[in-house]
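To start, the structure itself, in structure tokens.
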Amino acid sequence: MLENPINTLYPINEVFQTIQGEGIFTGVPAIFIRLQGCPVGCPWCDTQHTWEQQPNDEVALSEVTEKTQATSHWANATAEQLVDLLKQKGYTAKHIVITGGEPAMFDLIELGQVLEQAGYQLQIETSGTFLLKVTDATWVTVSPKLDMPGGYMVRPDCMKRADEIKYPVAMQKHIDQFDRLLATCPPREGVSIALQPISQRPRATELAMKVCIERNWRLSVQLHKYLNIE
Ligand SMILES: C[S@@+](CC[C@H](N)C(=O)[O-])C[C@H]1O[C@@H](n2cnc3c(N)ncnc32)[C@H](O)[C@@H]1O
Ligand SMILES: Nc1nc2[nH]cc(C(=O)O)c2c(=O)[nH]1
Ligand code: SF4
Ligand SMILES: [Mg+2]
């Protein structure tokens with residue numbers, strides 16, 4: 001039995017099965033559930049169509065699950081509806097990535113409990129700027145967003161809960177900002193740290209590789225963009 005079965009509605013932008021292209025789980029077959037809405041405002045964000053949750057963009061769940069291109073259309077779904085959908089689609093992956101948008105704007109406990117009961121392992125991709133409401137078993141990937149236009153701050157409790165840190169970089173200034181974050185809001189001992197070059201820019205990739213080698217951090221290159229998959 002769930003502790004609070006209240007049939008929370010989650011705003012869904014898209015659901016698809018692919019290969020995880022980022023972070024520690026790179027290469028793992030995964031189902032992505034992308035939630036609508038993010039106020040953080042990273043200028044280089046690759047999912048800007050998920051930022052606004054406009055009432056006029058609400059569509060039927062069947063429409064978002066059949067998307068062939070990125071749009072700002074979204075549909076409400078309960079956790080149970082999502083489990084039914086994954087079964088109906090015949091997806092074989094057992095790893096589910098909850099992303100967005102900023103999924104940590106929502107209470108993800110019920111979603112996590114229902115998906116875990118159905119046999120899935122959950123991962124959340126988050127900027128670390130909202131209080132996390134996830135199950136204990138959820139793998140938390142924090143991709144810290146520092147000094148972004150939305151004015152949100154990375155939370156020390158998110159940094160402590162992180163199972164991995166995956167920081168987007170393009171220039172030395174970003175490394176300096178990250179160093180200050182690590183000094184003031186340290187993650188747990190031994191947590192994996194990766195640098196992720198912003199938008200595959202060659203200079204960003206060179207910088208990320210250089211710093212990763214110096215610090216013994218990992219490189220995360222958004223494999224899906226090199227493979228031209230979702
Ligand atoms: C689109 S975000 C959604 C989840 C959450 N809002 C976050 O920022 O972690 C998913 C991941 O993509 C990364 N990302 C977004 N745009 C990117 C870009 N242009 N280049 C590299 N990484 C990017 C984010 O840093 C994050 O790790
Ligand atoms: N293949 C693939 N891997 C990903 N890892 C994180 C993604 C995201 O947008 O959160 C993502 C994505 O959009 N596609
Ligand atoms: S926090 Fe994530 S979804 Fe929001 S703007 Fe930044 S990268 Fe995009
Ligand atoms: Mg992506």
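Placement of Cβ uses the backbone N, Cα and C atoms for every residue, glycine included.
Annotated in TrEMBL:
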type    : residues                                            : note
BINDING : Ile19, Gln20, Gly21, Arg34, Thr99                   : substrate binding site
BINDING : Cys38, Cys42, Cys45                                 : [4Fe-4S] cluster binding site
BINDING : Trp44, Cys45, Asp46, Gly101, Ser143, Pro144, Lys145 : S-adenosyl-L-methionine binding site
BINDING : Thr47                                               : Mg(2+) binding site
DOMAIN  : 25-230                                              : domain 'Radical SAM core'
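Close to Thr47 (Mg(2+) binding site) in the fold, though at least 6 residues off in sequence, lie Arg34, Cys38, Ala70, Thr99, Gly100, Gly101, each with a CB less than 8 Å from its CB. Within 10 Å of the C-beta atom of Ile19 (substrate binding site) sit 16 other C-beta atoms, taking all shown protein chains into account. According to DSSP, the residue listed as 'Mg(2+) binding site' sits in a coil region rather than a helix or strand. Between the alpha carbons (Cα) of Cys42 ([4Fe-4S] cluster binding site) and Ile19 (substrate binding site) lies a span of roughly 24 Å. Looking only at other Cβ atoms within 10 Å, the busiest spot among the binding-site residues Gly101, Pro144 turns out to be Gly101.
Candidate binding-site residues: Gln20, Arg34, Trp44, Asp46, Ser143, Pro144. Not one of them has a Cβ under 6 Å from ligand 3. Counting every protein chain shown, 22 other Cβ atoms lie within 10 Å of the Cβ of Gln20 (substrate binding site).
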